[in-house]
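Let me begin by presenting the structure, written as structure tokens, before commenting on it.
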Amino acid sequence: MSNIHEHKILILDFGSQYTQLIARRIREIGVYCELWAWDVSEAQIKGFAPNGIILAGGPESVTADESPRAPEYVFNAGVPVLGICYGMQTMSEQLGGKVIEGIGEGEFGYAQIEIQEPSELFKSIEDAISESGKPLLDVWMSHGDKVLDIPEGFVTVANTETCPHAAMANEDKKFYGVQFHPEVTHTRQGKRMLEHFALDICECEANWKPTSIIEDAVERLKKQIGDDEVILGLSGGVDSSVVAMLLHRAIGDKLTCVFVDNGLLRLNEADQVMDMFGDHFGLNIVHVNAENRFLDAMKGEADPEAKRKIIGHVFVEIFDEESKKCKNAKWLAQGTIYPDVIESAGSATGKAHVIKSHHNVGGLPDDMELGLVEPLRELFKDEVRKIGLELGLPYDMLYRHPFPGPGLGVRVLGEVKKEYCDLLRLADAIFIEELHKAELYHKVSQAFTVFLPVRSVGVMGDGRKYDWVVSLRAVETIDFMTAHWAHLPYDFLGRVSNRIINEIDGISRVVYDISGKPPATIEWE
């Protein structure tokens, strides 16, 4: 079995919104990488022993006092270094070059760089040829400051009309700097540049692949758990489902899954989870029907944040009760993924703001005295999905749109009642069914229905009715940080509306949400 961690890249984060994207691109190339805060110690870098280091972008200005700098050891470690945007600027400043503050001369968005000197980073890459016969590349810029003088030993590899040093290189030391962002899709050949860096310049082997990751995870789980038993909260979501499949492969019947039906799931979801994991895959599952307990706990509560906390608290209570019944369980498995780890590590800066509290199993009681098993903690979401496919989970389940941890608890506005949840389940199922039929489901990033606790007059036959309102929501996004409302065809929306009003007794009006993010969030609560 190949060692999937033998060749690796270290990415130092200076605060750019694109930093995780760099890590995902390196992983897609087939090379393992980790993302650390910029102020790591020499000992930590030596301990990690990377084959190459990437200095990512950031919002600060290199010209400002006390702005972040790469550890000096980065440039003495004897490995290739790639500086991206802010990373190029701090590399330049730290190695003797000069960076000046941009005053109205920044570049934001599309730009075209002209390659002036050959470099391993840009080998055999071009989007067009200039009139002077030099390669041109379409790139994505996002910088105000710029490098005025490059350090000794470097050459200017590329420039734009307003940026004299859009890329620089010291081929002897294998140090490279690019002022643009190769990790974003707008830089058309960006992935090839990162491939050149990781595979050719750093000489990493591309052995970070789903089959290898599964083999490695199963082997490590067997070593960690031995003959002990494990308990897992299975929600039917992507992360917990993949954890369940990995553990089942590693330890078989020594895994007990606890599936809590909180009454806030999608239509028939509880049955689907039990059929798939219990009947089809043969996992040992305890099914807890706790609908009344959750609804009773939320009675009279309309505040979204309070509802989230109640749902999380009741789940923890139930899980604690069930875990005590598994007297031989020594380990608790969780679906923690790499962005969760990065978020936790990065929170020490104090710069992150809580927009919504996250529903996680992290609040389990300390007295559970169980060891923690987190087989996905090195993986991004797209990697988790690929592994799920390899483990035999169905595509439709793995690539379903995101569903919030509190479920319909935050899609019923205000107080949550069984009547509201039942109506919402039916309406949402019609919307999703029609999206699939029209082959629109995978063309939007997320689609769902929201229950509004307001009544509206409607006409059915010769009579009037005074029933509830639902809102359809569909968005298109790349990263869920920003989103556009999806321009679904009017005839499609009309069909969905007619079906919901005619087929569901209790709903008299359907509206469509045309709010972008920002200013609105994707979920209503």
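Even glycines carry a Cβ here, placed using N, Cα and C.
What you are looking at is a predicted structure, and each value in this text was computed from that prediction instead of being measured.
The annotation domain 'Glutamine amidotransferase type-1' is assigned in Swiss-Prot to 8-207 on the grounds of sequence analysis. Positions annotated as active site, nucleophile by Swiss-Prot, on the basis of sequence analysis: CYS85. The active site feature in Swiss-Prot is assigned to HIS181, GLU183; the stated evidence is sequence analysis. The domain 'GMPS ATP-PPase' feature in Swiss-Prot is assigned to 208-400; the stated evidence is sequence analysis. Feature annotation from Swiss-Prot assigns ATP binding site to SER235, GLY236, GLY237, VAL238, ASP239, SER240, SER241; the stated evidence is sequence analysis.
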Query raised in the report: So of all those recorded positions, CYS85, SER235, GLY237, SER240, SER241, which one's Cα sits nearest to GLU183 (active site)?
Result: CYS85
Report summary line: Of the recorded positions HIS181, GLY237, ASP239, SER240, SER241, within 10 Å of CYS85 (active site, nucleophile) (CA to CA), in sequence order, we find HIS181
Report summary line: Listed in sequence order, the residues of the same chain lying six or more positions from SER235 (ATP binding site) whose CB sits under 8 Å from its CB are PHE259, VAL260, GLY405
Requested in this report: Just name the winner among SER240, SER241 (the binding-site residues) by count of other CB atoms within 10 A of its CB.
Outcome: SER241
Requested in this report: Using C-alpha positions only, work out which of the binding-site residues GLY236, ASP239, SER240, SER241 is nearest to HIS181 (active site).
Outcome: ASP239
Report task. Tally every other Cβ atom lying within 10 Å of the Cβ atom of GLU183 (active site). Result -> 27
Report task. Have a look at the binding-site residues (GLY236, GLY237) and report the one with the fewest Cβ neighbours inside 10 Å. Result -> GLY237
Requested in this report: Excluding SER235, GLY236, GLY237, VAL238, ASP239, SER240, SER241, please set out which residues of the same chain place their CB within 8 Å of the center of the CB atoms of the ATP site, keeping sequence order.
Outcome: LEU234, VAL242, VAL243, GLY335
Report task. Would you mind ranking the recorded positions CYS85, VAL238 by how many other Cβ atoms sit within 10 Å of each Cβ and giving me the lowest? Result -> VAL238
Query raised in the report: In the structure shown, which of the recorded positions HIS181, ASP239 has the fewest Cβ neighbours within 10 Å?
Result: ASP239
